[in-house]
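Quick look at what TrEMBL annotates:
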| type | residues | note |
| --- | --- | --- |
| ACT_SITE | His335 | active site, nucleophile |
| COMPBIAS | 112-127 | compositional bias 'Low complexity' |
| COMPBIAS | 146-190 | compositional bias 'Low complexity' |
| COMPBIAS | 206-220 | compositional bias 'Basic and acidic residues' |
| DOMAIN | 28-52 | domain 'PBZ-type' |
| REGION | 102-129 | region 'Disordered' |
| REGION | 143-193 | region 'Disordered' |
| REGION | 206-227 | region 'Disordered' |
Amino acid sequence: MKKNVDGSLVRQTIGIPAGPMDIPPNKRPNCNYGSGCYRRNPIHLREYCHPHLEDLLQGQKSSSSLELPENYKPNVDKELILDQLNVLKRIYEKLAEKPPVKKSKLETASCNESAKSSEQSNASESSLKTKILPNVSSLEKANKFSNSSNSSSQLSRPDSARSDSASESSSARSETSNERAGTSSFSSQSDSRRFDNFRNVKQKCRDLKRKSMAEAEKSSKSPFSSDIPSRIAAAAPYFFFLTKVRAEPRTYHEPFSITFRELLDPGLGDLRASLQINFLVELPWVMHHYKHQGVDDKPLLILHGEDSDDLKKNNLPPNITAVRIKTPHPFGHHHTKMSLFHYEDGSVRVVVSTANLVASDWHNRTQGLWISPACPELPEEADTKAGDSPTEFKTDLLRYLCAYQIPELQEWVSIVRQADFSEIRVCFVGTVPGTHRGPDMDRWGHRRLAAHLKKHAVGVDPTWSVVAQCSSIGSLGTHPEAWMLDELRASMTLGKGTSMIQGLPPFKVIYPSKQNVYDSVDGALGGDCLPYSMHTHSKQTWFTSFLYQWKSDVRFRTKAVPHIKTYTRMSPCGSRLAWFHLSSANLSKAAWGMNKKTKTSGTGVFMMSYEAGVLFLPEILINKPVFSVGKSDDKTPPFPLPYDAPLTRYNPSDKPWVMEYLNEYMRSKK
């Protein structure tokens, strides 16, 4: 080998074609994850420069085994770093090269400057796409992976820098434009085109956030409790958690905060198989956490809404099956966020969430999760209808799973049927696309919520407000009574013995203002998960008068943009709740459903999306008429409300966040 004047390595006559590794580190584009990169993929490590890995590889004392310096503090797991170094080492060996020559200070500075420039300009477009490769154990496997990827013409750049084009094959579309699953409802095709216009801005936004995520991770190194089962048990009777916020260390010490990795904790059970139902899925990120917990080889079924090359059949290891769920309606999407875990003792655990399975959703956003206890396996002689709870949770969950009508789910339907859900004390509320008539009208969407409230909720005074808290808003109509103050409010006002003659309650909506977003830990970039558009808002300007700010000082999350969606009935002073609902459903007709009447088919409820949520009822959970918030009069724990009460109304100068503000911000950075 010899050096050019610019310090790069050039090949002599070794018979290997030029490739990405021929480009010196200071010339290759830097990975936007920086030292927080979790990719093990050899294609990614060939294509992008990772200065921290190059330096570690150069500093190895032995060529036979790789070790990390004693004082080295990585931003990711040490085991992951060693895996990456082994992959990088094998790449150099395959190319018949030694690890790169130690860079001079000038070259190192150039490489660092390249990283900064790359992040600020959102990186140059690349033609390569990465594929999932959980365990790189041989050079042959890496070669096979590379060849198959090239032959299928599905390679792209890493998740951190994927282009969000209008192509159906784009695998990293962010939820901003695609949260239409629960936001855009019955609007024109022009609305769809306007949402699509945000995609490129959204991807640039994601790229810029990578650096801040890596930096925030360094400041969030708070001690984790190793006893996850005890923490979940201590959350009784609600079992309601929020995700930890990397930029806010206090959330790491909260008893009701959790991470995705902790859901896979071995203490919760010896995992046999898992089912992930979601909208967006970053498979490399998911499998990084599965591998850390030693369960990356277990059967995994993924139902996803957004297309992803990582989830194509030819790119998956044998233990993973992925099925993309499409809806028959252009504004409907597979928007549910739910996990099922099956353990070796036959028990099942259900997690209902508001977070996509992507890194950004679990970093600096406010997300909500309900975690069930482990539901044991029923005796073999048990009746097929046994094991349900007073809330009919099992019946509703089975109905939801069966509505997919796909063979891949049959095994999971059997697993749920064989489980005892009698200890569950929340209601499952699902939405599936279609027009539901007859008895089915009360089995889905806001009508199902209403049925549970009418059966189990105590009627309260009409001064108690209905409070909707969401991350986006659909097309609601030209006036409030078109749907929001008609169908939706009517369903959410019901209770045992209630009558509309008593009066209708106020309706309030918590949605971040423009200033809320700009004051968040990610600034304007934090608004990329709030896909409300100016075009939609201009048709319903009346909506502003119903808005309240996002404020969560009591939970240390005022500056963590809320992607969580909740609905409740709150007393005027904000100290009591008649019920509480956590859901993937935003404030839209597509998510909740709307009444539809035709001359030929009669009355029905029309829905466009898949959604899932859980309803908390005080009569069932704590044997009381209402929940207390903040403080409780007795030993019953108060309900862990995710935001501050009483609510804070918008100031006269406040405006709701719309995606055009993010567009303006990105243009200002060019």
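The backbone N, Cα and C atoms fix where each Cβ goes, and this holds for glycine too.
Break the domain 'PBZ-type' (28-52) down by DSSP state and the numbers are 11 helix, 2 strand, 12 coil. Using a 10 Å Cβ-Cβ cutoff, His335 (active site, nucleophile) registers 31 neighbours. When averaged over the domain 'PBZ-type' (28-52), pLDDT in the model lands at 77.
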